[in-house]
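*Asks:* This is the structure I have questions about; it appears just below.
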Amino acid sequence: MNENLFAPFISPTIMGITTLPIIIMFPCMMLSTPKRWLPNRMQTLQIWLIRLVTKQMMMMHNKKGRTWTLMLMSLILFIASTNLLGLLPYSFTPTTQLSMNIGMAIPLWAGTVIMGFRNKPKMSLAHFLPQGTPTPLIPMLIIIETISLFIQPLALAVRLTANITAGHLLIHLIGSATLALSSISMTVSTITFSILFLLTILELAVAMIQAYVFTLLVSLYLHDNS
């Protein structure tokens with residue numbers, strides 16, 4: 001029995017050694033590689049989805065921005081697969097760890113910012129001071145824009161962590177309520193189970209949407225700096 005609601009979010013260990021790297025690598029093994037001339041249905045679906053997302057996400061970028069295509073597609077596949085992995089019974093969701101999400105967000109955000117200052121420094125510096133700002137407000141606006149810039153990776157990580165964690169907590173709470181009500185009233189338990197089933201379907205959609213949102217925001221940061 002779990003000690004508290006947040007016990008499932010503790011990184012699992014075997015003999016005191018964390019198994020998080022193995023869990024992170026597991027979804028990569030599920031993506032099959034083509035070994036014949038004609039792909040099967042699963043590979044065809046994967047190729048179609050990757051092409052669709054790539055077209056929607058990269059069409060607004062120039063040639064320099066499109067060099068990030070492989071990285072962004074790998075990112076969305078990784079986040080989506082780890083989110084879906086956490087919906088399996090007796091599994092662990094790496095994206096519920098804020099430290100891991102910050103570890104993904106900061107390097108990607110820093111790469112886009114450094115790219116912007118390297119390729120077009122004047123335009124990047126111009127973002128700190130909107131045109132037509134009154135002179136007395138210049139120092140305050142520069143401080144506000146600087147803080148907003150450094151908050152971007154934290155907002156990326158917190159958004160992903162909060163959405164995935166909230167969904168898992170709701171599933172845990174409603175699942176516990178369904179089990180407890182089964183010995184009291186089967187009618188109420190059945191209704192609660194129906195809500196749990198619908199919530200699980202919603203979480204499947206949230207797992208995919210959050211992966212897309214995270215990658216799309218990184219793509220927008222890249223577009224602003226490329």
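Just so you know, glycine gets a Cβ as well, placed from its N, Cα and C.
Note that TrEMBL annotation is computational and uncurated.
According to TrEMBL, the protein has these features:
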- 6-32: transmembrane segment (TRANSMEM)
- 67-92: transmembrane segment (TRANSMEM)
- 98-117: transmembrane segment (TRANSMEM)
- 137-158: transmembrane segment (TRANSMEM)
- 164-184: transmembrane segment (TRANSMEM)
- 196-222: transmembrane segment (TRANSMEM)
*Asks:* Applying the under-8 angstroms CB criterion, which one of 67-92, 98-117, 196-222 scores highest with the transmembrane segment (164-184)?
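*Replies:* Out of the listed stretches, 196-222 contacts the transmembrane segment (164-184) most.
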*Asks:* Going along the chain, which residues at least six beyond the ends of the transmembrane segment (196-222) come within the CB cut-off of under 8 Å?
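*Replies:* Distal contacts: 53, 57-58, 61, 65, 68, 72, 75-77, 79-80, 83-84, 86-87, 95, 105, 108-109, 112-113, 115, 152, 156, 159-160, 163-164, 167-168, 170-171, 174-175, 178.
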